[in-house]
Each structure stands twice: as structure tokens, then as C-alpha cells.
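> One structure follows; several queries about it will come next.
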């Protein structure tokens, strides 16, 4: 799953389209790209390189901070929702490292795609496995919230930290297994031939695994949760929209919106216009990939916006990180006063 629109080795890399009289596109770029062995130029130029560099430089530290905060909350409360959010953040970190850093910046921008085909295809397995893990852990979170709100007694009887860890481990193992067939994923930037049957099968399998099936689960479960809350309000009871439910709705909605362009452009490329012949599809796939990868860095802002508990834990993590430096700067012989730890969360507190 290549996230770059850079030209192949030995091909020129264009950054701007030539225009006629300074406005509009020239006839050379109208319609489909001419049926010649050449490739469509990278219309976005260096913009993807800058975008992914900023995304990695900001998103990776933010996700590490999120991981530390969620780990503390999971240890204090032992709630499944925190464990699922922790696993989701860890998957986002792997996605940023494998896809953004290795797949795009290192392989695409630095090495100019001069990488052996076997190495590229092996990297495909890790890239797709990381994507599948991130999406399907969100599915686990959705199912857990649905069970907690619509079947609370059953959820209390069956929920446990051990069961949660086993479910996460099963999803991670399944994600790795489902990533193996994508070793034969064809690179749209290198392959000039029409898509083969194998290419069509893999593209549809990717769309189903990473988008259509998860979004179907999100739609059904979230609709049931909203209907349950509405029935409570109609009976005169407080709807009790907890922080975990609000975060669930935000995470699933952001995923559906940010990944929709990539799925649409991929299917359009498969059946209508090839990337290597039409610069507009080339540009659309670049933009769609950038939007999809933004999904790995936005959850921190969502958690901070929704949850006061999460914000307080983040401040605690930052304070504890700077604390050793503050103690180390004291004069020799000076006894440091014990630092009061923040009290644990009360029982029943939600994210």
C-alpha cells in the first residue's frame, strides 16, 4: 500500500503543471494521460514529503504521550475501554513508523523507490497488518461499548482484564495473518499493466477488511447505542452519555470520514482510470492517502476534548517526566520533600 506519488527511479519528478498563459491547464494535461510508457508526474511535488514529515514529527510524540496516559488509566481502573484505547494507540504508532516513516519517507522520498521488489512486498505485510490491527481494535471497542450499554448485566459477568487481553492478542494475530496475502499487492506507481485478477481480489479484500465491514459494525452498534439512549430520555431517565461512549462515536466517525476518500479513489483507479496515465487520479490518491494517515494522529485531540480525566492524567505524566530534572537540580545535602501523588480515580469513573 504505497503512500507516495513520487516518480519511479529514472523518471523526472514534476512539481507544477505547465499552464497556458498562466491560467488553466494546457492541452497536454487535459483528459487521460497519453498512452505512452511514461508515468504521470507527481503533481503534489514536495507537499507530501512535508506533510508526512510534520505528521510523523508531531503525531509520534503525541501518541507516545497518549500511550503513557492510557497505561496509567488502565492500571488504575482496570476497565476494558482503556485497554482497547491503549491497543488502538499502539497500533497507530506502528502504522506511523511502518507506513509513514519506512514506506513513504524512507523508501519513497529518501531512497527514491530504489528498493528490491522482495523488500517492498515484505514491507507490504507489515503495513497492511498495522492497518488491520488499528481498525479492528476499534471494532473491539465498539462491541465492548455496545455490550456495556445495551446488555450491562452480561457485560459485567463476562468482562475481565484477562478476557480483554486475549481479545486484543487475537485481533493482533489475525491482523498479521490477514496481512500476509498482501505480499503480492501490486504497486500502482510501478505496474503499468492492467490490474489482474489477483490485484482485483486483493484490492477488494483490502476495502472489505479495512473499511466496509468495520464501518458496517460501527453503523449497527452505534445506531443501537443511540437508540438505547433515546429510549432512556423518552422514559424521563437521564441518557447517561458517558465519556467512553462519546469517544467511541468520535473515533469511529473520524475513521469513516478520513478513510472514505482512499477507498473511493482506489476503486475508481481499479475500474475507471489508471494512476499511471491520469495525473488527476494520481493527485487524488496522494490526497486520499494523506487524509487516511491523519487518522493516526487525531485521537489525542479527541480524548483531550471529551475527557477531563484524560487531560488530568496527561498533565500528571508531563509533570512526572520533568520531576527528576527538578529534583536533580537541588543543592547537595538538601533533602527532597516527598512528592504527593495524585489520588487514584474513584470507582466507577469513566474516561
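Note: Cβ is positioned from N, Cα and C throughout, glycine not excepted.
Among the features that TrEMBL reports, domain 'G-protein coupled receptors family 1 profile' is placed at 62-303. Sequence annotations record features per position, and here TrEMBL assigns region 'Disordered' to 1-21. TrEMBL lists 49-70, 82-105, 167-186, 201-225, 246-271, 283-306 with the feature transmembrane segment.
Situate these features within the shown structure.
Summarising model confidence by region, the domain 'G-protein coupled receptors family 1 profile' (62-303) averages a pLDDT of 87.
Below 8 angstroms of C-beta separation, residues 1, 83-84, 87, 121-122, 124-130, 132-133, 136-137, 139-140, 195-196, 198-199, 202, 205-206, 209 of the same chain, each at least six residues beyond the ends of the transmembrane segment (167-186), sit close to that stretch.
Long-range contacts of the transmembrane segment (246-271) within its own chain (CB-CB distance under 8 A, at least 6 residues past either end) are made by residues 85, 88, 135, 138, 141-142, 145, 188, 195, 199-200, 203, 206-207, 210-212, 214-215, 218, 222, 225, 281, 284-285, 287-289, 291-292, 294-295, 298-299, 302-303, 306-307, 351.
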> Please indicate, using numbers and ranges, the residues of the same chain that are 6 or more beyond the transmembrane segment (49-70) and have a C-beta under 8 Å from a C-beta there.
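Counting only partners 6 or more residues beyond its ends, the transmembrane segment (49-70) has Cβ contacts under 8 Å with 3, 82, 85-86, 89-90, 92-93, 96-97, 100-101, 104-105, 109, 290, 293-294, 296-297, 299-300, 303, 310, 313-314, 316-318.
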